[in-house]
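Worksheet: one structure, shown below.
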Amino acid sequence: VAYAFQWFQTVDTDRSGFINHSELKQALVNSNWSTFNDETCLMMINMFDRTRSGRIDLYGFSALWDYMQRWRALFQQYDRDGSGSISGTELHQALVQMGYNLSPQFSEAVVQRFTIRGVRPGIQLDRFIQVCTQLQTMTQQFREKDTSMTGNVRLSYEDFLSGAMTRLM
């Protein structure tokens, strides 16, 4: 907690007592020293913003810090070759170990979607957090509809969009 407080003070560059999207983006870096992408930063601000003000206080930041440390540890565990990014094969192994029954092709498609052009295929920590968090959210929504636990649901397009919008925004 002490380290989170020190980091909060460093990240809060405008000394407002809150962390906004741009301050968080400047503070978070991937293993290749690139800053986190906007979508992941906004997602995390929204997850820990209890007041819906678009910013987080020290308590929200402390929770975000713990959240980040857990994801970073998982990322490092699944980055088996130590490259600093997760390949399609490594992502598939991670998702299987997390309990997802998805094909290797799904994992490869995700990695291709989020790989930076001109770079060896793989996703950095920011996209790993984004993908896994969105999978968790979408799976939770699916399970709410799959009351008989068959792995299949019937829903209208509008129900699907409504669930996705409320979970991902």
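Cβ atoms are placed via backbone N, Cα and C, with glycine included.
Taken from TrEMBL, the feature domain 'EF-hand' applies to 1-34 (among others). The helix, strand and coil residue counts that DSSP assigns across the domain 'EF-hand' (1-34) are 17 helix, 3 strand, 14 coil.
DSSP states for the domain 'EF-hand' (66-101), grouped as helix (H, G, I), strand (E, B) and coil, give 23 helix, 1 strand, 12 coil. According to TrEMBL, the feature domain 'EF-hand' maps to 66-101 (among others).
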Mean predicted confidence [pLDDT] for the domain 'EF-hand' (1-34): 88
